[in-house]
Amino acid sequence: MLLFSPNDKRFAAMDALISPEARAYILKLLAVGASYALLTYFSLYLIPPEGGASLIWPPAALALAVLTLYGISLWPVIALSFFLVLLGRDLPTPLAAGIAFGNTLEAAAGAYLLTNWFKFDPMLERLRDTASLIGAAVISAFIGASIVAGSVEVFSGGAMVPLWRELWIGHAVSMLSFGSFFLRWLYQPFFVKTTRQIAEGVVIFGSIAALTFLIYWTPYGYLGGVSLIFFLVIPFIWAALRTGPHGTTLALLLMAVIAPFGALYGSNALSQDTAATQTFLLEQVLIGTLSIMFLIFTSIMEERKRSERVLGDHVKRLEEALEKIRGEDQAKTEFLAILAHELRNPLSPILSSLELMKRGGIKDAHQKHISAIASHVHIMARLLDDLLDMSRVSQKKFKLQKEPVELQKVIQLSLESTEGYISDRKHKVTVSMPEEPLWVLADPVRLEQIFVNLLHNAGKYTEPGGRIEVKVNPKDGEIKISVKDTGLGIPKGILPYIFDTVRKGGMSRRPGGLGIGLSLAKRFSELHEGTIEARSEGAGKGSEFIVTLPRRAPVQLALSQTRKGTRRSRFYEHKKATVSYRVLVVDDNESAADGMAELLRADGHQTAVCYDGPEALESVGNFDPHVVVLDIGLPTMDGYEVARAMRGRGSRATLIALTGYGQDSDKQKARESGFDHHLVKPVSVADIEALLAEIEIKAQ
């Protein structure tokens, strides 16, 4: 008969006195106490019949794992469980107390070392954790063996030294073989494995169990005179490589369970003739050596795997960062192309209007202002070209079209290109070049761009009325081209950064510019396998830029002229066709279209003007033009669609694309759409005339 039922109010009051934390602690104590007492009871059967220490001592490993994982505060249950089991085996109370104290202090010392000194991670995936476990096992086993052996000598009169040695080795080996398993599996008991991994594990651990059984339980521990112990290493390596700490600790547990009982109750394959003590020592050494070796090996492999994962993550992040940078670069390029297009569009009608004003008999008093406006339009167009070139060079999408080039002619073209700007600033230019032709392998357009930028830079940073000297000096297989001025000079602090576009913090290298021209000059010089350097004595003392290019052997002039005839410098070619052409100008910018058509009529050509695509297609049939100057950015139908439609209708007219986009991809798209030429705005009538002259030459 119950004194009170579970529903009784007194029972509820008593239950309320116990907090959930206290209840969980009591359950933990009971579970640990029962497990430890049960393991201790069965482990006593590992003590040899003739007495002494056991070959291994699993309770030492379980106590270490419990106190390490769940807290040293559980030491009372370890001590009490051990003490009660020993009393049940009829040991004297003082001796049972001494042995229980020694084993408990051993586990507490090991747990303290692992948690407080070594910062141990039970996952055993780092070499330092394996080393910590080895160190804690050796030290704590030394403490426990000393107390237990001392208690035995004091209370039963046994020999302390031999027993101490056996206890120390046995407990240390147990903490490594059993302890690694308890620590790893109690810390993370659940994990997910695929069917294939489970099958592989069955083969690995089945092999270890079978080999260990044959070695220690049967007389078949040898194969062809070779101990199966050597074959046991193979599945251990397999376990370390494929299953990690989970598998390695399980493999060590299987060996540590099967081997000792086999040594006691089966056939001893290690030594049939030696004394039992020596046999046990060899057993301990084997289990301890394999435990240390494969725990270290496994932790090294896990560190390597972790490093590979970290490296893989870093590589992935780098790839993502590079992809982001590429995307940003592409966005920047597209933005620059759109910006250049939008800035170039207004320049075309301005340029046409200026040319019409020049031809319209403007008074001499105003010619100076018109020339100044035209000069600034040219400068703005050149800056837009430089900006896009810088973007292409930065993205490594820039390809030179090299050919044998006579250097003096390129320099002469550069001087002609900058003549108007330098004359406006009233500079005096002196040129010193050898009469002997000097040949280089270069892209003539980009080579000219180097010198145009240097000459423009010299003119810009020299006060009006200054001097600019250009010298060409061939020497030792090289050609040095110097552009020297008497201008503002370069301060010493800026000189090392003169070829960079902007300084850190956004400050330009020299006042009044971003340094794009000089930066391009440097990049182009390097692409030509040359160099460029800047010299200056300081602010107010002028500057000198020296380009060094490799000299090539003299070649026939015709080699250069083959391509030279089709080459144009922006705004400075003055070739004109000698025959009259029918030219259709198509542009939605009416001012630009009308201005270009009027200039072409003034040069003797027949012209027609359209402002959209459908009108242009209709005009092709009526006007039958020889040449169509076609703007790409038309409403309704863009220039590409119009060009394809014209080619589809059988038109054989020469199609000239007119656009603000100057990237290589834009030129390629124009060619694929049926265009014969591609001009980048702003376009002068001289550019159109130069193309008409080329068409005339080809027709001949």
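Just so it is clear, glycine is given a Cβ too, placed from its N, Cα and C backbone atoms.
Unlike curated entries, TrEMBL annotations are predicted automatically.
Positions annotated as transmembrane segment by TrEMBL: 25-47 (among others).
Annotation source TrEMBL lists transmembrane segment at 59-83 (among others). The list of residues near the transmembrane segment (59-83) in space but at least 6 beyond its ends in sequence, with Cβ under 8 angstroms from a Cβ of it, reads 28-29, 32-37, 39-40, 43, 96-97, 99-101, 103-104, 106-108, 110-112, 114-115, 120, 122, 136-137, 140-141, 144, 171, 174-175, 177-179, 181-183, 186-187.
Per TrEMBL, the feature transmembrane segment maps to 95-118 (among others).
The annotation transmembrane segment is assigned in TrEMBL to 130-148 (among others).
As annotated by TrEMBL, transmembrane segment applies to 168-186 (among others).
The feature transmembrane segment is assigned by TrEMBL to 198-216 (among others).
What TrEMBL lists as transmembrane segment is 222-241 (among others). A Cβ distance under 8 Å defines the sequence-distant neighbours of the transmembrane segment (222-241), meaning residues of its chain 6+ beyond its ends; these are 204-205, 207-208, 211-212, 214-215, 247-248, 250-251, 255, 269, 286, 290, 294, 297-298, 301.
Feature annotation from TrEMBL assigns transmembrane segment to 248-267 (among others).
Annotation source TrEMBL lists transmembrane segment at 279-300 (among others). Through the fold, the transmembrane segment (279-300) approaches residues 48, 55-56, 124-127, 129-131, 133-134, 166, 169-170, 172-173, 176-177, 180, 229, 232-233, 236-237, 239-240, 244-245, 248-249, 251-252, 255-256, 259-260, 263, 268, 270-271 of its own chain, all at least 6 residues removed from its boundaries and within a Cβ separation under 8 Å.
Residues annotated as domain 'Histidine kinase' in TrEMBL: 338-553.
The domain 'Response regulatory' feature in TrEMBL is assigned to 582-696.
Here ASP631 (4-aspartylphosphate) comes close to VAL586, ASP587, ASP588, ASN589, ALA593, GLY639, LEU658, THR659: these same-chain residues lie at least six apart in sequence, with C-beta atoms under 8 angstroms from its C-beta. As annotated by TrEMBL, 4-aspartylphosphate applies to ASP631.
Contact between the transmembrane segment (248-267) and the transmembrane segment (130-148) is not supported, since fewer than 3 Cβ pairs fall under 8 Å when only residues 6 or more apart in sequence are counted.
Distant neighbours of the transmembrane segment (25-47): 18, 53-59, 62-63, 66, 70, 74, 77-78, 80-82, 84-85, 88-89, 260-261, 264; these residues of the same chain sit at least 6 beyond its ends, with a Cβ under 8 Å from one of its Cβ atoms. With a cut-off of 8 Å between Cβ atoms, the residues of this chain six or more beyond the transmembrane segment (198-216) that come close are 227-229, 231-232, 234-236, 238-239, 242-243, 247, 250-251, 254-255, 258-259, 261-263, 266-270.
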